[in-house]
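Student: So TrEMBL says this about it:
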- 85-261: domain 'L,D-TPase catalytic' (DOMAIN)
- His221: active site, proton donor/acceptor (ACT_SITE)
- Cys240: active site, nucleophile (ACT_SITE)
Amino acid sequence: MAAAEPAAPASMPVVAAPQLPPEAADIHFVDRALWPDPRWSDAEIRTANPLYAALESRLRSASAEDQAAIAHDLRQLRLIGPAERFVLVDIASGRLWMIGEGRVAGTMKVVTGKPGMDTPKMAALIRYAVLNPYWNVPPDLVRDRVAEHVLPDGPGWLRRTGLEPVASYAPDAPALDPEAVDWTAVAAGDADVGLRQEPGPYNVMGRVKFMFPNNLGIYLHDTPDTRLFRAASRRFSSGCVRLEHAAVLYRWLFGGQLPAPDPHRPEQRVALPRPVPVYILDLPTLARDAPQVAPLHGHQAAA
């Protein structure tokens, strides 16, 4: 779920690069290092990306109607350079793949943005994880949904849901007295207040979120609500990407187990020694042919 996040550092703006190929026009390339290079050969891309190779193989026997759709998705996949490893999120199938050394290391279901709050297509670098995260409630939800609960039920509703008003969304922001907040003005849009959910078993961020700083407020995160992963179409979030197996992604990225949550240490930032590219694309023809499951350090990722 998208939340209020600090703006990306000035060195990492969302860039609009006129030299990018036409198929990249609606993709936000957050990091210049991920701009596609026309010098990449088919052989390099095929070797590094088994999803590209699988879809390319299907193209040869597809009908003329299917060929156009497959060719479109292949052009999208060509935007992924021959990286040693990367993460791919496909909005169309609601699935994430971990690719390393030219093989599928694992895959899992994801929940992406609902209509009107669609997850944007983008390319960025995962730079760190946040353990035991707060959930910073988006301002529109504070205004439209939270305030309407506080008005009839009183501030006790906030305590029951683990929510607290804060002066800002900085990790060290002081908490505010909920009795001192003018919730009528907040509900009317005449006043603003920050609201965050304390870390814990009911926090909508779960145990961890994976950050690739960007100006769109998008990230990958755990979730305590696993029911939505059983749905065929999984477009329910407010833009961010919810993970079926966040601990599996953490282990693949960091090479170790996801630490047990420490209730006394919220917002623990763990830097990734070497940033890993993440691509969020929309590939309608991919799901039928992409390799689905592969062993991951002794764990079989769920299909």
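Each residue, glycine too, has its Cβ placed from N, Cα and C.
All annotation found in TrEMBL is predicted automatically rather than curated by experts.
Describe the structural context of these features.
Tutor: Here the domain 'L,D-TPase catalytic' (85-261) has a mean pLDDT of 93 out of 100.
Other Cβ atoms within 10 Å of the Cβ of His221 (active site, proton donor/acceptor) number 25 in total over all chains.
Within 10 Å of the Cβ of Cys240 (active site, nucleophile) there are 25 other Cβ atoms, across all protein chains.
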Student: What kind of secondary structure is Cys240 (active site, nucleophile) part of, going by DSSP in three states?
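Tutor: Cys240 (active site, nucleophile) sits in coil per DSSP, no helix or strand.
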